[in-house]
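Pulled from TrEMBL:
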{"type": "COMPBIAS", "residues": "24-47", "note": "compositional bias 'Low complexity'"}
{"type": "COMPBIAS", "residues": "735-745", "note": "compositional bias 'Basic and acidic residues'"}
{"type": "REGION", "residues": "1-50", "note": "region 'Disordered'"}
{"type": "REGION", "residues": "717-745", "note": "region 'Disordered'"}
{"type": "TRANSMEM", "residues": "55-74", "note": "transmembrane segment"}
{"type": "TRANSMEM", "residues": "94-113", "note": "transmembrane segment"}
{"type": "TRANSMEM", "residues": "133-154", "note": "transmembrane segment"}
{"type": "TRANSMEM", "residues": "191-214", "note": "transmembrane segment"}
{"type": "TRANSMEM", "residues": "235-260", "note": "transmembrane segment"}
{"type": "TRANSMEM", "residues": "280-301", "note": "transmembrane segment"}
{"type": "TRANSMEM", "residues": "313-333", "note": "transmembrane segment"}
{"type": "TRANSMEM", "residues": "364-386", "note": "transmembrane segment"}
{"type": "TRANSMEM", "residues": "398-418", "note": "transmembrane segment"}
{"type": "TRANSMEM", "residues": "456-480", "note": "transmembrane segment"}
{"type": "TRANSMEM", "residues": "500-519", "note": "transmembrane segment"}
{"type": "TRANSMEM", "residues": "525-548", "note": "transmembrane segment"}
Amino acid sequence: MSDSKQPSDPIEPSDSNAPHDARPGATAAATDAAGAPVDRAPADGSPGDPPPPNWPVFLISGISILAIALWAIIAPENADLVLNTAVGWISANFGWYYILTATLIIVFVIMMAAGRTGKIRLGPQHSRPQFSLFTWTAMLFAAGIGIDLMFFSVSEPASQFLFPPEGAVDDPLNPDTDPNGRARMAVIWTLFHYGITGWAMYALMGMAFAYFAYRKNMPLSIRSILYWAIGKRINGWLGSTIDVAAVLGTVFGIATSLGIGVVQLNYGLHLMFGVPEGVGAQIGLIALAVLMATISTVTGVEKGIRRLSELNVILAIVLLAHILITGKTRFLFDALVTNIGEYLYELPRMTLDVFPFIQPDDWMAGWTLFFWAWWVAWAPFVGLFLARISRGRTIRQFVTGVLIVPFTFIAIFISIFGNSTLRLVLDGNLEFADVAANTPERAFYSLLEMYPGAPAVIGLATIVGLLFYVTSADSGALVLANFTSHTHDPNTDGRKGLRVFWAIATGVLTLGMLIVDGVTTLQGATLIIGLPFSVVLYLVMLSLYRALQVELDVTDSRFNSLPGRLSGQAGLSWQQRLRRATSFPSRGAASRYLKSTVIPALTEVAEELRANGSDARLDTSEVVSHKLPQAALTIEFEDAEPCIYQVYPVAAQMPSFALNTAREGSDAYYRLEVFNTEGSRGYDVFGYTKEQLISDVLSSFEAHLEFLRISDGTPPDVAAASTTALTTDWEEETPDKTRTEASDR
């Protein structure tokens, strides 16, 4: 990427016959204050083509992953020694850092949702959610399920019961060791490691991706969300380093999940078909994941993979219901309610507990630190998914949904399977407890063997695990391809070749880590690789905080400048106000008003501003879908966000109370709404006199000057970040509220 200065593209809609794509990243080129491009490479071919690779990021991260994988395969003993040494050092010296980071992220995310910033939309101000509340909730629900949840929902409660952080218990069922209390805390620790702490990390990345891509019109990439923290330096080596750290973290996070899936599925196939456990079968399962991801990419059956993922959610619920119904139902419901209450009660203490007096370094490295690093590694991956499904929602809605919906299912799943495990242990089945804690890949199946219809249930569990495994590999390759591309459109994915490469690279890394020392090696590697990317999360919080503070400055500026704006308004007579209130203009009326009043008024203002030394211009073009003109007045400021006053036609359904004025053959009319950089201001100026329209322009200009005054202390790089990808074409942002053509009369 070049740091050379280039003029920014004009803020002007396309005049092509096809409707211009107004999705973020598809309009004006993203530029910094000096005009340098912000991680935006020219798209090859048409706008819908896959983005070109980001070669420095792809080559560095790809070579690094393959080198680590080959090292593990060729010299497993040396790799084991190095990894164990690094894990021990990080656990002893950076445990407090991981704990503090996770805590600060929870606090930051909740503050952003609960405060004034919670009302800000993840998209233009006029945007609304793409998915219904039910559909969005269902997708969040599905995001909380994976093969690792099946793995740890049985093995961790058993392990925490036998080997709590305070140390192993010689006689686990001795009343003097408080087995019931340890059983309660065993499930609470499992909920803690899968709880809202980790989902807050996902919420942070998802909120940042969605805000900067859909509200600030920047590329949907890691470095874009850091622009407000480090400015145009994201275009150089620092931005590439951050991208590489994100890719490495994501690869190791995915590899850990795949490794867990491999060993668990290997045992499931051993139970069902006698497939031997070992490296040979694991290589076959890894090859299957790579093959399915490749087939999905090459043949275009991604929709089929998604359908399988949706089906898998239903099958997982069936599996859950079977254990609940055929097990000790009352006990499980009682335990579920108790677990949730105790989790919420213990959460503040557990969140900041580093155990300074007993220092269980091995326990911390194997559990809390590993999980926090794992969540950190997965945060870009899941955050990208959450951003794509949450456009148009407010920050408060987004954070509330992400923290509550997935965790609700996780809590039910862990409570039912975990308490079923502990009930067996408390009833005296210590042999099962030993299997669950020391050979965790066998834990889930060993539990299912004790329930009615075990063969069928084990078969169902194997299918569920296999589908989770394959879909994780496929979606992981897709996200990694996007992270190593010059993404210019949030709805366009990386090239097929990149997806195939990352499917293979992730599979090879998974195999290499399993050869060293199984899942334990993957856990240790994740703990190591998550450390550098955790620093990026601090930059994400800084960048997002600065951007949202500017949003609040905009709101404050409008309030502070209100008296001056009101005093300068040119009023209408009461007859004019009445006619305006009851008018629902046709296309012809809207066109005449735009040409006779709006464009001349904005032209006069632009000329007067230029005469006074301001950098002002008026851009007009046709909104193709409406066959109507639009006009955008832009006033530029050096190293600051420009002031935009745009009058844009929006088709609307004729309201029921206006039926007496409806035109024959039409039930639609046009609103001439005022837009700025944030989207629609929500009011219609049709019927304003020329003087009143000019007064409204000046009111907006005064409010913008007040905003610049309030935000005067912002660093230039950050203050200019809002100019990165301004758009004045809102065709896709303002879909017709009616399918009926408005009358031309």
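Any Cβ shown, glycine's included, is placed from N, Cα and C.
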Exercise for the section: Report yes or no: does the transmembrane segment (398-418) come within contact of the transmembrane segment (191-214), defined as 3 or more CB pairs under 8 Å with a sequence separation of 6 or more? Expected result: yes
Problem - Candidate ranges 133-154, 191-214, 313-333, 456-480, 525-548 - greatest C-beta contact count to the transmembrane segment (500-519) (under 8 angstroms) - result: 456-480
Handout entry: Recorded stretches the transmembrane segment (55-74) and the transmembrane segment (235-260) touching, at least 3 CB pairs under 8 Å
Key = yes
Practice task
Please work out which recorded stretch in 133-154, 280-301, 313-333, 364-386 has the most C-beta pairs separated by under 8 angstroms from the transmembrane segment (191-214)?
Solution key: 364-386
Practice task
Can you tell me which of 235-260, 313-333, 364-386, 456-480, 525-548 gets the most C-beta pairs within less than 8 Å of the transmembrane segment (133-154)?
Solution key: 456-480
Practice task
Given the cut-off of 8 Å on Cβ pairs that are 6 or more apart in sequence, determine whether the transmembrane segment (280-301) and the transmembrane segment (456-480) share at least 3 such pairs.
Solution key: yes
Handout entry: For the transmembrane segment (235-260), sequence-distant contacts whose Cβ falls under 8 Å of one of its Cβ atoms, 6 or more beyond its ends
Key = 1-3, 32, 36-39, 54, 56-57, 60-61, 64-65, 146-148, 151, 221-223, 226, 286, 289, 374, 376-378, 380-381, 441, 469, 472-473, 476, 479-480, 483-484, 502, 505-507, 509-510, 513-514, 518-519, 522-523, 525-526, 529-530, 532-533, 536, 539
Practice task
Can you tell me which of 313-333, 456-480, 525-548 gets the most C-beta pairs within less than 8 Å of the transmembrane segment (364-386)?
Solution key: 525-548
